[in-house]
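To start, the structure under review is shown below, and the notes come after it.
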């Protein structure tokens, strides 16, 4: 804090000229910021390399980034095609790694995984192939672990309410209604059996549909 009576830090002002902030002119990293003689393909290569260094990207994500930075479509497509040819862009590898990571880390089911990949511009066939790699038994066990973690927090509620909440949680994570029903019913039945009481108020309950994409 400046001493009493001394001027505080000078604030920079916006505006044209005078060294305002942000600086006048094109945004950094765009084609226009490189000057009138810049090679669009060289600029596109630099943008793509910088983005890929930070994290894997799909071709669609890179194409969108180039478009937002003012790279002409023909230059962008030429660079993207070359990057794909040499393996710097690989939507199949991206999708497979995404499925493995998001299922293991977040417990996402097939529908949620497919929706996330499609949102990132991965082609439908590539999405189906990547999601098909998820072992059904592994998906089932992951759903069981999710329910087991959430089950204690629902104790004391009516059975149907517990079922709806647990089933809704699985639905939001992309599990099919059939799998959600099976896992939730198993968990509730095992609990009441251990306590020596019947399972009640569950008849007629059906889990909600997910909003994610169906995966044929």
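Just so you know, glycine gets a Cβ as well, placed from its N, Cα and C.
According to TrEMBL, the feature region 'Disordered' maps to 1-39 (among others).
According to TrEMBL, the domain 'RecX first three-helical' annotation covers 44-82. Note: the domain 'RecX first three-helical' (44-82) comprises 31 helix, 0 strand, 8 coil (DSSP; helix = H, G, I, strand = E, B).
Per TrEMBL, domain 'RecX second three-helical' is recorded for 90-130.
Per TrEMBL, the feature domain 'RecX third three-helical' maps to 137-184.
Annotation source TrEMBL lists region 'Disordered' at 193-216 (among others).
Summarising the annotation, TrEMBL assigns compositional bias 'Acidic residues' to 201-216.
Sorting each residue of the domain 'RecX third three-helical' (137-184) by its DSSP state yields 40 helix, 0 strand, 8 coil.
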